[in-house]
Amino acid sequence: MQWRSIVVGLVLLRLSVSCLLWLSFGLGQNRGNSWSRRTHGFKFEDTDSICPKVGEDSPQRSYPSFFDGSRDEYVRKYSSFPVSLKAKMKDMAREMFYFGYDNYMKYAFPEDELNPIDCAGRGPDVLNPSNININDVLGNYSLTLIDTLDTLLVLGNVTEFQRAVKLVIDTVSFDKDSTVQVFEANIRILGSLISAHILLTDPKHPFGKVGFEGYDNELLHLAHDLAVRLLPAFENTTTGIPYSRVNLKTGVPPDSINETCTAGAGSLLVEFGILSRLIGDSTFEWVARRAVRALWNLRSNETGLLGNVVNIQTGEWVGKQSGLGAGMDSFYEYLLKSYLLFGEIEDYRMFQAAYESIQNHLRRGRELCNEGEGDPPLYVNVNMFSGETMNTWIDSLQAFFPGLQVLNGDVENAICLHAFYYAIWRRFGALPERYNWQLQAPDVHFYPLRPELVESTYLLYQATKNPFYLHVGVDIIQSLESHAKVRCGYATLHHVVDKSKEDRMESFFLSETCKYLYLLFDEDNPLHKSDNKYIFTTEGHIVPIDQRFREKQWSDLFPCEEGALKEREPNHQHNISYCNRIPEERRYTLPLKSVYMKQIDHMVGLF
């Protein structure tokens with residue numbers, strides 16, 4: 001079966017936002033530095049195997065030979081999944097969502113978030129404006145309610161969806177003295193308002209007639225109002241790259257710094273572009289696309305890579321780290337998703353060139369995921385100019401990347417990378433924010449209920465239908481129930497080892513983590529049965545791939561600039577076709593061979 005018919009024909013993604021990894025462990029001291037000896041100069045296409053083949057009696061015998069595949073506990077555990085258990089896990093995912101949502105509505109609304117331990121609401125930290133961990137996200141605009149709207153429809157609760165929409169219309173205003181991060185306001189608030197508006201008004205949407213009498217495009221008007229309040233970020237910047245923060249009432253604060261991260265500035269195009277095409281005003285797409293082009297034209301001539309922090313006035317790279325995690329993740333994601341939504345060939349060319357540079361300069365390990373000898377193929381953080389490894393950690397945001405690889409048709413590499421993050425989850429019952437692959441230990445210990453591993457699990461299951469990924473979902477749900485559930489919701493894990501908690505439940509837990517878990521086990525969800533094709537934004541909001549988003553009511557204000565790539569024209573009509581074929585029988589065997597799963601488990605310290 002063509003992967004295109006699976007990946008593009010089913011629900012497609014938030015294949016968002018965040019990376020790969022690599023490590024440097026082995027069986028003994030002879031292999032302990034195998035990764036570090038190969039951190040420079042690796043080319044994806046140059047290598048048949050990065051480990052020498054040796055004889056059976058050699059002390060440097062290859063890692064796979066240490067295991068006997070005939071007695072395989074992995075096959076016994078993962079090769080089947082009872083229908084009754086699938087129904088039970090679907091119910092557990094639903095109950096998880098409602099435990100958090102109902103308590104938010106009871107104890108926190110209209111504030112932005114729920115403190116699930118104290119059963120209280122949380123808003124911006126007005127007494128400490130420098131507390132950007134809170135103030136970048138919370139704008140005093142009922143964040144969790146807005147961010148959750150389309151999840152209610154995914155769970156089939158049309159009545160509560162309509163009630164929530166009316167609450168938003170009646171109670172939410174963006175005329176607030178709140179300084180927020182442009183990126184967070186865009187993906188959590190603007191994206192959700194647009195998604196909910198489309199679901200309310202599109203006669204082809206998958207959830208039936210969810211509109212109600214009297215709805216007069218109020219969500220779209222709110223989205224437009226918010227976007228206008230974000231526009232000052234794009235003013236008075238010589239490069240076209242926006243400031244990272246704005247005050248919703250007064251514009252860019254006078255003390256704003258001239259630095260921003262690549263993901264924050266370059267991941268606005270999906271939401272801004274859809275808004276422009278819904279209202280017929282090119283302004284929003286224009287400024288977002290200008291920012292993407294500006295960042296793209298600052299990439300290294302030597303490697304084709306971008307850094308993670310840039311000065312918006314000078315165009316100089318302040319942060320020269322290139323990776324797939326925090327600060328960069330959704331930039332790559334939105335190049336591909338923007339192409340799928342808008343059909344702009346320029347976006348596809350940029351994505352393919354970026355993906356090739358990632359493979360050439362960030363990827364380490366054996367050439368093939370499921371064949372050969374050597375370390376698992378993983379991705380590292382490197383210097384954008386030299387390609388030299390900069391540190392020995394990965395971050396949890398990078399777990400989005402297998403999902404993006406699925407959307408791009410690179411399913412085999414997605415399988416391998418996902419298995420590594422799953423092994424880390426099994427060891428700690430969560431993904432630490434940063435994990436040091438050299439020390440086999442967390443560098444930053446907290447886990448704020450992030451969705452990235454769940455998202456990649458869901459998308460790999462949609463692509464392969466392999467029961468392995470349902471077992472992954474079970475492990476994730478059980479871990480959350482055991483370690484994160486508290487009196488009124490689910491709490492951030494302060495420390496993934498001792499399981500101490502912080503009193504915060506971020507909005508993405510309901511908008512993404514619970515949504516992807518539910519969809520993983522709900523085979524008959526209308527989203528899966530619809531004739532339409534959908535993607536998920538980087539915040540997990542549902543957007544249809546619709547012809548009306550490929551038609552502009554304006555002429556291009558600027559054509560592709562010099563530097564936009566001309567080569568590698570897509571040989572298809574706006575569908576990804578660089579798709580691997582995986583034999584049908586792979587649905588009934590492990591997606592990654594047991595020997596390689598054991599190798600990864602050993603490398604993260606599971607045995």
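Just so it is clear, glycine is given a Cβ too, placed from its N, Cα and C backbone atoms.
Per TrEMBL, these features apply:
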type	residues	note
ACT_SITE	Glu184	active site, proton donor
ACT_SITE	Asp329	active site
ACT_SITE	Glu433	active site, proton donor
ACT_SITE	Glu452	active site
BINDING	Thr538	Ca(2+) binding site
List of residues, in chain order, with Cβ under 8 A from that of Glu433 (active site, proton donor) and at least 6 apart: Asp395, Ser396, Pro442, Val444, His445, Phe446, Tyr447, Pro448
Rounded Cα separation (Å) that holds between Thr538 (Ca(2+) binding site) and Asp329 (active site): 10
Spatial separation of Asp329 (active site) from Glu184 (active site, proton donor) - C-alpha basis, Å: 14
Rounded inter-Cα distance in Å - Asp329 (active site), Glu452 (active site): 11
Other C-beta atoms that fall within 10 angstroms of the C-beta of Asp329 (active site): 29
Glu452 (active site), number of other Cβ atoms within 10 Å: 30
